[in-house]
């Protein structure tokens, strides 16, 4: 039996399973917040997944994954270079660099997620990494801390749009049988951290000054090389190599049925399948009898003008249209805010903690970055474990399954808080490294499920806005992390152990509170198709 025949049979089996679930549990789809016309068309689209999960989706998985990797490359990239920036540029407080990054991330998350619902996923998808790549390269040439912080804020504006836009466009191009891959997408986030640490270890370890008294640009080039052009290369692959199509669900939501059909035909062609759906069939489900020709392709500028001419809160209100959905939306946004503060309080300054908390080992630059590589490696299995649990819960088809999204998130989040508390009790290198590694694993598992749950729970016409609200609130609270670090830790670095652990205590507490809120979420998305 050849592979195409196997793929066809698997796709048919998945389709029959999904249609059976739809008939048995008609309320299982996330139907709140969408119009009847859009829902009817989407039901028809769900029957079209005979085109399967093929070459197009695998390419999209890699391209969106690179966007997620870029997000953590810069979150960790800035954290990695803080010690060397402090030695060379001698800022009043080096934490202001992290604050600048989060200022850019706030603007990026709130801007690009909303724009994805206005001008489309495709245009937003292509712009974000370009901005990050250009300003990332420029940041490596900064000669003052002020200019560096400004450039970091600009690259943050581009990076901030990656998570809400990339997650939405990937989810809207895959069948329900493969929605678990949205969780696996988070492995790219962990790989981004690993890549940042692998690049930093040899560069910063070998091309860095040892103390502030002899630290100049000439003998401290490692962190400048580290910023490099990796993000720009990712944008090049995304823009020139891969022929990305607009999301068919976005086009349906905008009433562009003919364009949506063309996208589906393109995807079917790439996957080696044939699509029998016609425009008449697509429009018939909502009672439309007249087939109208869509105007020719619009330029990017025409798309932007047309979108903003009808801008309103129409994408926000549906997220709170029912009591259940309003409660879930509010809790989801709150979770992103709490975790957005907790995560950078530890991870945003991890290299500083690794150099200040160890009392029994060498504090050499090479040792610090070697340990950081080990921590990054241990974070990758966390995303894989989360993906396994999410896929298992999908197959179990039980709302209260032990592997459901909510319980998996809650357990991994609670464990993260517990291990951070244990981190504060340690001063030996082995103990600190062990607790850091386990924390890296559990928090990546947490993020993996949260990244999948969030876009799943929002209906597609408003998904970009919902993701943007979550991501923006995540960045808004994240900007408080450097402020808390500055307030609780003296600039000289000779703080007592209790004072130095202040930010970590706050982070651990916030993770535990988040775990409780996750259990209270009223909507479970395991085993359900996202509209």
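Cβ from N, Cα, C; glycine included.
Note that TrEMBL annotation is computational and uncurated.
According to TrEMBL, the feature compositional bias 'Basic and acidic residues' maps to 1-21. Feature annotation from TrEMBL assigns region 'Disordered' to 1-32. Summarising the annotation, TrEMBL assigns domain 'Major facilitator superfamily (MFS) profile' to 45-526. Residues or ranges marked as transmembrane segment by TrEMBL: 60-82, 94-116, 123-142, 148-171, 180-203, 223-241, 333-352, 372-392, 404-423, 504-523.
Comparing 60-82, 123-142, 148-171, 223-241 for CB pairs under 8 angstroms to the transmembrane segment (94-116), the maximum falls on 148-171. If you look at the transmembrane segment (60-82) against the transmembrane segment (504-523), you find fewer than three C-beta pairs under 8 angstroms, all six or more positions apart, and that falls short of contact. With pairs at least 6 apart in sequence, the transmembrane segment (123-142) and the transmembrane segment (223-241) have 3 or more Cβ pairs within the 8 Å limit; the two touch. Between the transmembrane segment (180-203) and the stretches 123-142, 372-392, 404-423, it is 372-392 that has the most C-beta pairs under 8 angstroms.
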